[in-house]
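Everything on this sheet refers to the single structure shown next.
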Amino acid sequence: MIRVAISGAAGRMGRSLIQAACQYEGITLGAASEYPDSHLIGSDAGEVARVGALQIPLVDDLGKNKEAFDLLIDFTRPEVSMANLVLCRDQGKAMVVGTTGFTKEQRQEITRAAIEIPIVLAPNMSVGVNLCLKLLEMAASVLKDDVDIEIIEAHHRHKVDSPSGTALRMGEVVAETLGRNLDQCAIYGRQGLRSERPRESIGFSSLRAGDIVGEHTVIFAAEGERIEISHKASSRMTFALGAMRASQWVSDKPPGLYDMQDVLGLLKKVN
């Protein structure tokens, strides 16, 4: 049985992760944390997630319960994830990280930590989204430079980073397949008068509204036809169950930096 700790356990995603851990075979909840000033510190994690009492209190520092878990699942914010990274590296514990919005320097620090511990880092742990990434690779390899490419994403009004980590990963997959550098070809939003759209550019548009869980569409537009590859999530449980699958997969892996393509066995390149 794999004992997982969940950081940010009282948040929307954290509660879904607790629910998923309680129903996923081979996984059990060992510890749960919330930010230090939360009024829920000390509350039963199961009651917070509405799955019934689990006798696991929310703590403000997982270091206090380091013997209670084997692996940490983190869907929080970059600064919290980086603090948890230090804890897991020092304790030799695996991590599954779904946090987005990391800086280049923070990603480099995660890469260095992966020399010592196994880490699954993925902006989206939905099986469907990761299948879409493979479809995007296939589409880009066939369509090449003969199409205009736009990525549109929508999330709830509380999401703080934009574009989403998933949208950026989709852009990276397309750019890498086409031999482009996303940092050089990405255009984030458009306003006012501009020159004609450069063919090599990849456009991003973001919507933030209501309670949208997550929607992503990549458009390949040519003269006379348009291909759209879309994914729409209706529940956070799709991400939570993906995180459980990643946790089970990485639990016996050697140190290294992995993503959901590794977890799902989708790394074989499209010809």
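Every residue, even glycine, has its Cβ placed from backbone N, Cα and C.
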Residue from Glu34, Glu150, Glu153 that Swiss-Prot also lists as binding NAD(+) with Gly8, Ala9, Ala10, Gly11, Arg12, Met13, Gly98, Thr99, Thr100, Ala122, Pro123, Asn124, Met125: Glu34
Check: min Cα-Cα distance from Glu34 (NAD(+) binding site) over recorded positions His155, Lys159, Thr166 goes to Lys159
CA pair Thr166 ((S)-2,3,4,5-tetrahydrodipicolinate binding site) / Arg12 (NAD(+) binding site), Å rounded to integer, equals 18
How many other Cβ atoms sit within 10 Å of the Cβ of Lys159 (active site, proton donor)? 16
Top of the binding-site residues Gly8, Gly165 by count of other CB atoms within 10 A is Gly8
